Amino acid sequence: MHVSSPYHTAESSRSGFRGFMQRHALLSYFVMAYSFSWIAWLPYVLSQDGLGLWSFQPDQLVTLLAMLPGAFLGPCLSGFVMTAVTEGKPGVRRLLHRLLLRDIGWQWYLVVIFGIPLVITAVYFLLPGGVTAFHPDLLQIIWLFMFLFFVEIFIGGLAEEPGWRGFALPRLQRKLSPLLASVILGILWQCWRLPLYLTSWGNGADFLMIGVATFESIFFTIIITWVFNYTRESVFIVMLLHASFDAFRVIALTSIFSAQWIQQNAETGVLVGVGMTALVLAVATRSRLGYQPENLSARATSKINGGSA
């Protein structure tokens with residue numbers, strides 16, 4: 001018996017604007033996410049911390065507060081809006097369910113929280129001067145990682161993942177191979193950040209640095225897709241992975257290696273670490289990254305009918 005996709009739009013025959021959004025769900029999502037974020041970031045981009053066209057000079061707290069609405073109003077809100085448009089209330093309930101703690105085995109929590117930091121640290125050791133530059137402040141690493149990790153769950157994971165992974169990734173994987181879907185989503189994820197490179201957030205990045213960041217985004221997206229598929233599309237687990245990656249990047253710059261060495265090698269270690277991990281996962285899974293559409297459809301149908309996943 002044929003099992004319909006959990007992302008099937010029951011009302012896709014509607015006319016008008018809602019019908020257009022249902023028929024072109026991915027396009028509508030990305031246009032909405034970009035528009036909401038970029039409009040919210042516009043004052044920050046125009047300020048003295050950006051293009052300097054506005055006399056306002058934000059401090060660090062104001063800068064953070066200026067960036068957060070763009071994240072929550074863009075990927076997150078757009079993900080929920082488009083889920084409601086395409087799947088109705090049952091779809092929104094499914095998305096909310098995927099944001100909650102999942103019983104997927106303790107080993108996955110270890111993988112998503114410590115896996116990428118350990119891989120990147122190992123790469124740093126292999127770089128010239130990495131071993132001698134290793135000067136960890138263990139106490140600072142522990143408390144700083146715990147603090148940043150929990151903060152990033154909300155300002156990074158929750159603000160973005162309900163949209164990028166909760167809405168966009170499943171639909172991209174239905175249309176394309178999981179690997180190609182990840183590459184495209186990684187590029188779109190990086191392009192979403194482009195206005196921020198006009199501000200102090202971009203730290204004076206040139207085209208080369210933006211290019212490196214784009215490849216990092218692609219490789220990290222491949223890793224996220226693998227975790228997402230193997231954990232039954234758990235957005236919560238992806239939020240933890242996102243938070244761990246962001247928190248570690250800050251800690252590596254402040255508490256693990258000497259300042260001068262890490263400033264010169266930070267991006268190299270990240271690029272090689274996530275790049276090699278993505279390559280291994282792609283080869284090991286034959287580019288499928290754990291994607292099994294028939295199982296996802298069956299689980300979703302079971303939930304709709306009141307069964308257990």
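Every residue, even glycine, has its Cβ placed from backbone N, Cα and C.
Annotated features in TrEMBL:
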- 26-44: transmembrane segment (TRANSMEM)
- 64-85: transmembrane segment (TRANSMEM)
- 106-126: transmembrane segment (TRANSMEM)
- 138-155: transmembrane segment (TRANSMEM)
- 143-248: domain 'CAAX prenyl protease 2/Lysostaphin resistance protein A-like' (DOMAIN)
- 176-195: transmembrane segment (TRANSMEM)
- 207-228: transmembrane segment (TRANSMEM)
- 235-262: transmembrane segment (TRANSMEM)
- 268-285: transmembrane segment (TRANSMEM)
DSSP helix/strand/coil residue counts for the domain 'CAAX prenyl protease 2/Lysostaphin resistance protein A-like' (143-248): 94 helix, 0 strand, 12 coil
Whole-number mean of pLDDT values that fall within the domain 'CAAX prenyl protease 2/Lysostaphin resistance protein A-like' (143-248): 95
